[in-house]
Amino acid sequence: MTPLRPLIVTMGDPAGVGPEIIARAWSTLSDSAGSLAPFVVVGDAQVLKAHGQPVEAVLSPADATSVFGRAIPVLHHPAPAQVTPGMPDPANAVAVADWIERGVDLVLSGEGCGLVTAPIAKAPMYASGFRFPGHTEFIAELTADVPFSGTRGPVMMLTAKDLRACLVTIHVPIDQLPELVTGERVARVARVVHESMKRDFGIAAPRLAMAALNPHAGEGGAIGLQEVKVLRPAAEALRAEGLNITDPLPADTLFHEEARARYDAVVCLYHDQALIPVKTLDFWGGVNATLGLPIVRTSPDHGTGFDIAGKGVARADSFIAAVRLASEMASARAAR
Ligand SMILES: NC(=O)c1ccc[n+]([C@@H]2O[C@H](COP(=O)([O-])OP(=O)(O)OC[C@H]3O[C@@H](n4cnc5c(N)ncnc54)[C@H](O)[C@@H]3O)[C@@H](O)[C@H]2O)c1
Ligand SMILES: N[C@H](C(=O)O)[C@H](O)COP(=O)(O)O
């Protein structure tokens, strides 16, 4: 099989742990040529150089393959404001968004096989006028006009070990869930997940589970009506379409080892219903992936870690797992 093009890594907030986990990940992965796609970083080369690894500015992702064994290849796009680890500056937020847009463009052009995004911090991005909740919605907007055969996302998936938890709603207040958890929204997410399990994970016959919203799946309507009125009808309609998906199941018994063995992915209804089990199962190895887009995109399961940025203690495990997963997903897409 033809070798993959490089992965495109975006630096994220330069004041966060992104630069140091990229440097640490490179020192681990630089001799993995062949088994994993190499990566090239879109960001400020000077910021990366501060983390003790060789850095080499390149002119295109194509240069990354020959450089990756000896240095971190960087497509240098300078941060406009001074970078102080742990001290985010909204003046750099526009550059952070530009790095993401550049990264998406490089994957769409075919110069990169997938995108791995180091963490951004929402507050400084919002302060600069960034109008998206996070990477997920921004990247969906950037790829909205690109043809895509299948149900279009974005769907956020958090994965660790054998758990793939996919979100129907993301960064919304809990009191909006009864209004937002609709049959249409659940069905669209389930279709995206079903198609992604085949496209991105090579699972020919995906088994999906659906989490209930209410305790004990609503206890037949005695503890809430979403399961009776919304979720079970949606599951029945999806099964009629040919998807293998359960009725809404009590979330408290969905995530233990034996339960996880019964499904390939679980459709969860809100952020913490998915993220607590994933980050509890393996905080250091968890990965955030965006499904249902024309490009592969992954990200570590943690944020910018401003409290430890620049102190040399940030772990690169999740970032390395995100690189591995993006490489695997890109390979699965290339093999189809
Ligand atoms: N992929 C992403 O872009 C992403 C993911 C999650 C959160 N965020 C954003 O990051 C910002 C900070 O979020 P938060 O404080 O809720 O979570 P966080 O993950 O940044 O930090 C939570 C705790 O985990 C620690 N931690 C984080 N990464 C670590 C690493 N690599 N090694 C060791 N310890 C680590 C931090 O020191 C902190 O104590 C917020 O704006 C949030 O929205 C971004
Ligand atoms: N909910 C995500 C997590 O905790 O990993 C995080 O906010 C990242 O969201 P984006 O990938 O949309 O930036």
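Residue 1 is the first one shown; counting continues down the chain.
Backbone N, Cα and C define each Cβ position, glycine as well.
TrEMBL labels come from automatic prediction, so no person has curated them.
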For the divalent metal cation site that TrEMBL assigns to H171, H216, which of the candidates H77, H271, H302 is also assigned? H271
Among H135, T136, H216, K279, N288, R297, the binding-site residues whose C-beta sits under 6 Å from ligand 2: H135, T136, N288
Could you round the CA separation between K279 (substrate binding site) and H216 (divalent metal cation binding site) to a whole angstrom and send it over? 23
According to DSSP, folded down to helix, strand and coil, what is N288 (substrate binding site)? strand
